[in-house]
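Listed in TrEMBL:
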| type | residues | note |
| --- | --- | --- |
| ACT_SITE | HIS135 | active site, proton donor/acceptor |
| ACT_SITE | LYS139 | active site, proton donor |
| BINDING | GLY10, ALA11, GLN12, GLY13, ARG14, MET15, GLY78, THR79, THR80, VAL105, PRO106, ASN107, PHE108 | NAD(+) binding site |
| BINDING | HIS136, GLY145, THR146 | (S)-2,3,4,5-tetrahydrodipicolinate binding site |
| DOMAIN | 5-108 | domain 'Dihydrodipicolinate reductase N-terminal' |
| DOMAIN | 111-244 | domain 'Dihydrodipicolinate reductase C-terminal' |
Amino acid sequence: MGATRVGVIGAQGRMGAETVRALSEATDLELVAAVGSGDSLSLLAESQAQVAVEFTRPDVVMDNIRWCVEHGVHVVTGTTGFTAERLDTVRGWLATAPSVGVAVVPNFALGAVLMMRFAEMAARYFESVEIVEMHHPQKVDAPSGTARLTAERIAAARADAGLGPIPDATASAVEGARGASIDGIPVHSIRARGLVAHQEVLFGAAGETLTIRHDSFDRASFMPGVLLSVRRVVDRPGLTVGLDPLLDS
Ligand SMILES: NC(=O)C1=CN([C@@H]2O[C@H](COP(=O)(O)OP(=O)(O)OC[C@H]3O[C@@H](n4cnc5c(N)ncnc54)[C@H](OP(=O)(O)O)[C@@H]3O)[C@@H](O)[C@H]2O)C=CC1
Ligand SMILES: O=C(O)C1=N[C@H](C(=O)O)C[C@H](O)C1
């Protein structure tokens with residue numbers, strides 16, 4: 001069997017360029033198209049790409065996915081900005097293209113995937129929990145997609161365990177002092193030069209805290225997850241959300 005033909009959308013960006021590098025070292029995957037913001041997606045069709053890796057911006061990712069689904073190209077995207085409504089829209093497009101797979105992965109780092117799993121496991125045992133995500137200052141969105149997903153998973157685990165709201169008697173004198181609330185979980189976003197992508201989940205109970213922390217110091221940390229997703233998505237029609245189902249398949 002020949003190498004899988006892969007196109008990268010957003011190829012000149014931070015993640016796109018790292019993906020291009022990683023693909024050049026994978027013998028079973030072949031980079032056939034590098035699509036930048038000035039290029040037409042038809043480059044993917046002309047180069048007969050089987051899979052598109054998409055790292056662009058929340059305001060363009062949906063158009064890119066729709067084009068790929070309509071043209072029979074599988075998609076692996078790490079772009080942020082996915083809501084339940086957006087995921088439903090993608091499911092709707094896929095209903096008309098039953099052989100196509102789309103993987104939406106908020107964080108490709110294996111350590112980040114485990115951080116979310118461990119946080120979900122711990123959630124039922126602690127009254128308090130807060131998320132602090134820390135990123136480079138060029139990041140266009142806040143909070144991060146990873147923090148959103150972590151908060152949603154913790155909130156669901158708390159609800160399953162019958163836990164009530166997080167105890168918090170604070171009256172904020174300044175708006176934002178207690179962060180944003182995602183499904184009732186406080187999320188704080190820090191942007192600072194020198195950072196890449198980092199997150200702490202801090203749990204609290206009487207007399208103890210538990211901190212689960214993950215650090216991506218280099219974008220190379222995302223590449224094993226990106227390449228794994230490319231290899232798996234071709235045999236996984238429909239929508240896959242997160243790396244967990246791809247790791248476990
Ligand atoms: N899931 C994960 O593990 C990770 C996800 N991310 C997410 O991935 C996304 C990209 O991040 P990052 O690479 O740092 O961002 P960058 O801004 O470095 O890269 C985005 C690239 O997309 C290009 N682009 C914009 N619009 C289009 C378009 N319509 N067609 C093709 N290319 C386009 C931009 O070009 P131009 O500059 O010319 O506009 C730019 O080169 C973000 O949402 C980020 O949060 C980041 C890291 C890990
Ligand atoms: O923009 C980034 O850099 C990152 N974005 C993703 C997110 O928003 O969670 C993944 C990782 O945190 C890096």
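Note: Cβ is positioned from N, Cα and C throughout, glycine not excepted.
Feature map: TrEMBL annotations on the structure.
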residue : record                                          : Cβ contacts under 8 Å, 6 or more apart
GLN12   : NAD(+) binding site                             : ALA34, GLY36, SER37
ARG14   : NAD(+) binding site                             : PHE55, GLN138, ARG219
GLY78   : NAD(+) binding site                             : MET15, GLU54, PHE55, VAL105, PRO106, ASN107, PHE108, PHE222, VAL226
THR80   : NAD(+) binding site                             : PRO58, PRO106, ASP141, SER144, GLY145
HIS135  : active site, proton donor/acceptor              : SER144, SER189, ILE190, ARG191, LEU195, VAL196, ALA197, HIS198
HIS136  : (S)-2,3,4,5-tetrahydrodipicolinate binding site : ARG191, ALA192, ARG193, GLY194, LEU195, VAL196, ALA197
LYS139  : active site, proton donor                       : ARG191
THR146  : (S)-2,3,4,5-tetrahydrodipicolinate binding site : PRO106, ASN107, ALA112, MET116, GLU133, ALA197, GLN199
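Within the same chain, residues at least six positions away from GLY10 (NAD(+) binding site) with a Cβ under 8 Å of its Cβ are GLY16, VAL35, GLY36, SER37, GLU54, PHE55, THR56, ARG57, THR79. Counting residue by residue with DSSP, the domain 'Dihydrodipicolinate reductase N-terminal' (5-108) contains 38 helix, 24 strand, 42 coil. Within 10 Å of the C-beta of PHE108 (NAD(+) binding site) there are 26 other C-beta atoms, taking all protein chains into account.
Highest local Cβ density among the binding-site residues PRO106, GLY145 belongs to PRO106, counted as other Cβ atoms within 10 Å over all protein chains shown. Averaged over the domain 'Dihydrodipicolinate reductase C-terminal' (111-244), the predicted model reaches a pLDDT of 96. Less than 6 Å separates the Cβ from ligand 2 in the case of THR80, GLY145, THR146, drawn from the binding-site residues ARG14, THR80, GLY145, THR146 in sequence order.
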